[in-house]
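K.L.:
As annotated in TrEMBL:
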- 43-74: region 'Disordered' (REGION)
- 49-64: compositional bias 'Basic and acidic residues' (COMPBIAS)
- Y197: substrate binding site (BINDING)
- 235-337: domain 'Pseudouridine synthase I TruA alpha/beta' (DOMAIN)
- 403-426: region 'Disordered' (REGION)
Amino acid sequence: MLRWGFRVLSCGSSAPWRRQRSVLAMAEDLIAAVASQTKRLNSSSEVVQRLEENGHQNKKLKSDADEEDAEDQNKKLPKRKIVLLMAYSGKGYHGMQRNVGSSQFKTIEDDLVSALVQSGCIPENHGEDMKKMSFQRCARTDKGVSAAGQIVSLKVRLIDDILEKINNHLPSHIRILGLKRVTGGFNSKNKCDARTYSYMLPTFAFAHKDHDVQEELFRLDRDTLERVNRLLACYKGTHNFHNFTSQKGPRDPSAKRYIMEMYCGEPFVRENVEFAVIQVRGQSFMMHQIRKMIGLVIAIVKGYAAESIMERSWGEEKVDVPKAPGLGLVLEKVHFEKYNRRFGNDGLHEPLEWTEEEEKIALFKEQYIYPTIINTEREEKSMANWLKTLPIHDFNSSAVEMQTNNRNSKKSSDLEGSDGCGDDSD
C-alpha cells in the first residue's frame, strides 16, 4: 500500500492520498480497538479464573472446616459403654485377640480397632492402649476360627450412623451386625454365662479306618450318626479336661469345665460333599478343648481308639488326645442370662438377645463362613490330611500299663467293659 501511495504522489494528485490516509487511520483505530477489547477480555478471564480458584479454595476450606467441625463435635460426645455383635471369617487371621506392638501376625481385632479409630468412635490413643476404652472380647477364638455371634464390650463415642461408619472401614468378611447399650461396669467375658460353638466337618471323617471310601461318594448312615451322638453326649456334665488343652495339670481346678449339651445334626450335601455340624454349649472352654473333644470322638468312631479312652482322659493319667483342624470351628452365640434377668427389663437397658439380627447372621454365614470352610476343605483337604495322622497317635499305651498294674483288679475289668461314658451331668 505504501508503494501505491508513493506512485499517487508522484503523479501530482493529493485527493487519493487523503482518502488513503483516512482508510489507514480507520484501520489503525480498528486494530487498537480490537487490541483493547482483547486486553479487557484477557483481564476478565484472569478475574474469572481467580474467582473460580478462590471459589474452589473456599469450598476446600469449607470442606476441611466441616470435617474439623465434625471431628470436634465427635470429640465432645460423651463415651458410653456398649456391646458390638460381630461376625467374621477367620481364615487368614491368627485368632481374635490383638497383639499390640506385633505386626507379624494379623488378628481380627487389628482390623476392628483400625475401623473404630477411622470412623471417629474412639481416639487414636485408645487404639494403641485398648484398656483406655475398657475393651473386652467375650471369646478368644484361635487361628482360623470364625464367628457368627462374637460379642465385644467397650466405651465409644456414639456418633451418628455408627454401625455404617464402622463397617465402611472393615473388610467385607468382618461385619458389625448389632449394637446395644450396657451398664458401665459390664465386661463381656466375665458376664457371659455360656458359649455355643459349632464345628462343620465332612462326614467321611467318621468312616471306619478299615473301609476304603471315596470322599465325595461317602454318606453317613443312621447307626454311625447315632453312635457319634452317644459319644458326644458323654461329654455332658462336669469333667476334668486337662488332657484336652495344654499347660494344665490334672489337679488344676481350672481344668474342670461344665458342658451343657453336645450333638451332631443331620448331614447335608454341599458341592457334592456331605457335611454335618456338631453343636456344643458350655460355660467356658480352654484353648483347643473343643477341637480335641471332636478329635477324640473321630478317633473312636474310626476304630483307632476304644470308647474307654474317654473316661480315662478325664482321670489323672496323661492321654494322647488328637486335635481336629481349626477350619470348621465357629463361635455361634454367647449367652448372658443372668445379666438379662437383672438388667434386661430395668427400663434403661435392653436384654442382650439378638433375635432381630438372626437373619443377618444367617446371611453372613451363608456368604462368608460356610463357603470358606467348604472351599478350603476342597482345596487344602485339611480334614483328609489330618485323618492320615491318626495312626501316629498312641491311644493304648496308658491302657496297657493300667491293665498290667491292675490285672486282678475288678475296677480295671469294669473299665475295659464300659462304654466310656461317665454320669457327671448336673
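Keep in mind that glycine also has a Cβ here, set from the backbone N, Cα and C atoms.
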K.L.:
With DSSP, how much of the domain 'Pseudouridine synthase I TruA alpha/beta' (235-337) is helix, how much strand and how much coil, in residues?
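P.N.:
The breakdown for the domain 'Pseudouridine synthase I TruA alpha/beta' (235-337) reads 25 helix, 33 strand, 45 coil.
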K.L.:
Taking 10 A as the limit, how many CB atoms besides its own sit near the CB of the residue listed as 'substrate binding site'?
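P.N.:
Excluding its own Cβ, the number within 10 Å is 23.
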K.L.:
Across the whole of the domain 'Pseudouridine synthase I TruA alpha/beta' (235-337), what does the mean pLDDT come to? Round it, please.
P.N.:
96
